[in-house]
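Below is one structure, written out as structure tokens; comments come after it.
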Amino acid sequence: MAAPKVAVVGAGVVGLSTALSVAGAFPACSLALLAERFSPGTTSDVAAGMLIPHAAPDTPIHVQKQWFRETFTYLFAISNSAEASEAGVHLVSGWQVFKSAPEEDLPFWSDVVLGFRTMSEAELQKFPQHRYGQAFMTLKCDCPPYLLWMEKRLKAKGVQMCTRKVASLWELHSEYDIVVNCAGLGARRLVGDQQLLPVRGQVLQVHAPWVKNFIRDGDGLTYIYPGINSVTLGGTREKESWSLCPDPGTAKGIFGRCCSLEPSLRAARDVKVKVGLRPSRGSVRLQREVWSQAGAKILVVHNYGHGSGGFSMHWGTAKEAARLVGECIALLQGSSSRAKL
């Protein structure tokens, strides 16, 4: 049979990494990436890009841990390569602090990050409002550079990058054999997934080059994540809010909470406000389907619904999506062989 034609829909961190994984696993495929918006206009461009997982309630913990471990291993190799600077991937040390000790002694990801330990009393003196803390080293992706680096790698592999608004996955059936749905929140419209809901996130980006360590409040709402050229301050988790307009009161609150954790931020300059809508559902949707209509069919693979965990899990889920694409290719080859017989 002719080389299968595959389209990946969506150019955020999940779409780009899935396209890269498919291109690497099946180089004979004709692969296209279709998206209404590319960087810097994606939700992923707003993300802090820190590898600290948030447990998804309806996904088994061992599966989430595997996705995180694969992602951490992949990005750790990039951070140790000559491409680290261009890719915007780097190690960062810091603290996660709690006003009271958490119920679980160790988060499920504690043996994946580097040097995880309980904070000492001397370290906790930096955070007088907190009673307990965890220290570790993890990875951070500076998001626009990382997305552009992936786009560059895809172009080098001959992947077509097409700016296109896809109204329905079915409209692609005459052009492609397999469609991979990485549309994030757009999947709510594309496939009618009512489980998929926005969780609004507002963050600040500031110039504060003296801040070298991340600080994250254990409730997940207040965090300070230093990047290569700016520091991300957050944040919000507003369920079912569709507003992309920055809220000045919210920005003031974020800045105040972050300054209570790191008072030196009062001297931060060049404050920029960004808003994104996390694509949230009970679990990541990772599955394949066969769509049929009037005698025609198309094979569909879904990889969306990562919520706050897009960067922490993206490479692990991309590898799984590529495996499902492989199953689709086997189905196509099987039907082609039967047709010849």
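Just so you know, glycine gets a Cβ as well, placed from its N, Cα and C.
Record features, source TrEMBL:
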DOMAIN    5-324  domain 'FAD dependent oxidoreductase'
BINDING   Thr43, Ser44, Val166  FAD binding site
BINDING   Tyr223, Arg278  D-dopa binding site
Fewest Cβ neighbours within 10 Å, where candidates are the binding-site residues Thr43, Ser44: Thr43
Which same-chain residues, if any, lie at least 6 apart from Val166 (FAD binding site) yet have Cβ under 8 Å of it: Val9, Leu34, Glu36, Leu172, Ala183, Leu190
Alpha-carbon spacing, Arg278 (D-dopa binding site) to Ser44 (FAD binding site), which is rounded to whole Å: 9
Inter-residue C-alpha distance, Tyr223 (D-dopa binding site) and Ser44 (FAD binding site) (nearest angstrom): 17
Extent of the FAD binding site in Å [max Cα distance among Thr43, Ser44, Val166]: 19
